[in-house]
Amino acid sequence: MKIALLGYGKMGKIIEKIAIDRKHEIVLKIDRENQHELTTENLQKADVAIEFSTPGTALSNMELCIMAGTPVVVGTTGWHGNIEAVKELCEQNSGSLIHATNFSVGVNIFFHVNKVLAKLMNNYPYYDVQVEEIHHTQKLDSPSGTAITIAEGIIENIDTKKSWANVLTTGSDEASNDNVEDSSEVLIESFRIENVPGTHTVIYDSEVDSIEFKHTAHNRNGFALGAVLAAEWIQNKKGFYSVQDMFDFSIK
Ligand SMILES: NC(=O)c1ccc[n+]([C@@H]2O[C@H](COP(=O)([O-])OP(=O)(O)OC[C@H]3O[C@@H](n4cnc5c(N)ncnc54)[C@H](OP(=O)(O)O)[C@@H]3O)[C@@H](O)[C@H]2O)c1
């Protein structure tokens with residue numbers, strides 16, 4: 001498979017290595033300095049594009065892929081407020097797109113179990129729930145897209161929760177949730193600490209005990225492998241997909 005890498009930062013470089021290990025070929029690498037090479041003609045030389053750039057550049061990169069007819073795997077976070085417009089553009093132009101706030105297999109298992117747990121905890125309203133996420137200090141968006149997906153899974157299943165609110169703590173600041181007092185909100189506490197690839201914890205807390213459900217990424221390889229698997233999966237498909245369409249978590 002011929003792959004175009006849109007974004008050649010921390011993730012783009014690991015994706016390149018895993019793709020080559022899986023016998024794929026990288027035919028285009030786009031970074032900030034060579035954006036002029038991101039043309040329809042160059043995109044059409046690839047069987048699939050993998051987009052891990054920045055929240056500010058992902059939308060136009062996706063649009064270019066859709067218009068070029070090149071299937072695209074989108075890992076960049078921070079653009080999901082525009083998801084309906086991208087879906088419409090993709091469907092109107094018979095494009096192929098798969099997106100995820102987190103491509104790791106382990107995190108997608110976590111997302112699934114998070115929903116099952118939330119449905120169960122809906123019966124026990126004396127537990128309140130919050131989400132905690134820790135990432136490296138270069139991360140541009142907060143809360144993480146992964147934490148938002150976790151919060152959405154909780155909101156879908158706990159009747160008293162209607163929205164989420166975020167508190168960001170960087171460096172040595174003490175976390176403060178003084179400004180989040182609305183009990184219909186799921187609080188997402190974001191921490192930024194050097195060299196942390198991504199840790200997410202869901203905490204149910206009552207007067208008598210706490211239940212914690214946690215995922216810790218040891219490195220970025222799991223996200224990158226998931227993105228390459230998604231590229232293999234979408235290559236001959238048309239339509240707008242999320243990573244959950246790739247997995248079957250039903251228990252037989
Ligand atoms: N879905 C997942 O599984 C997953 C996992 C990890 C990360 N992510 C997300 O993926 C994105 C990238 O993460 P990262 O850690 O690789 O970030 P990064 O190291 O900052 O890399 C982003 C790269 O995109 C480049 N870039 C800037 N403008 C561009 C443009 N117009 N077209 C193409 N590339 C451009 C940047 O170049 P310059 O350095 O020159 O600015 C940089 O090299 C983030 O949104 C992150 O949250 C998703």
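Cβ atoms are placed via backbone N, Cα and C, with glycine included.
Among the features that TrEMBL reports, domain 'Dihydrodipicolinate reductase N-terminal' is placed at 1-103. Over the domain 'Dihydrodipicolinate reductase N-terminal' (1-103), the average per-residue pLDDT in this prediction is 97.
For A100 (NAD(+) binding site), the Cβ neighbour count at a 10 Å cut-off comes to 25, with all displayed protein chains included. Taken from TrEMBL, the feature NAD(+) binding site covers D31, G75, T76, T77, A100, T101, N102, F103.
Just so you know, the Cβ of R32 (NADP(+) binding site) picks up 11 other Cβ atoms within 10 Å once every protein chain is counted. Per TrEMBL, NADP(+) binding site is recorded for R32.
Positions annotated as domain 'Dihydrodipicolinate reductase C-terminal' by TrEMBL: 106-246.
What TrEMBL records for H135 is active site, proton donor/acceptor. The Cβ of H135 (active site, proton donor/acceptor) has 23 neighbouring Cβ atoms from other residues within 10 Å, across all protein chains displayed.
Here TrEMBL flags H136, G145, T146 as (S)-2,3,4,5-tetrahydrodipicolinate binding site. The DSSP secondary structure for H136 ((S)-2,3,4,5-tetrahydrodipicolinate binding site) is coil.
TrEMBL lists K139 with the feature active site, proton donor. The Cβ of K139 (active site, proton donor) lies under 8 Å from the Cβ of R192, each on the same chain and at least six residues away in sequence.
Annotated pair F103 (NAD(+) binding site) and H136 ((S)-2,3,4,5-tetrahydrodipicolinate binding site), C-alpha to C-alpha distance, rounded: 18 Å. Proximity of the recorded positions G75, N102, H135, T146 to ligand 1, judged by a Cβ distance under 6 angstroms to any of its atoms, singles out G75, N102 in sequence order. Packing around T77 (NAD(+) binding site) is summarised by its Cβ count: 24 other Cβ atoms lie within 10 angstroms of its Cβ, all protein chains included. Inclusion criterion for the binding-site residues D31, T76, A100, T101, N102: a C-alpha placed within 10 angstroms of the C-alpha of G145 ((S)-2,3,4,5-tetrahydrodipicolinate binding site); this criterion is met by T76, A100, T101, N102. Looking only at Cα atoms, T77 (NAD(+) binding site) sits nearest to T146 among the recorded positions R32, H135, H136, T146.
The NAD(+) site in the record is lined by D31, G75, T76, T77, A100, T101, N102, F103, and its two most distant CA atoms lie 21 Å apart.
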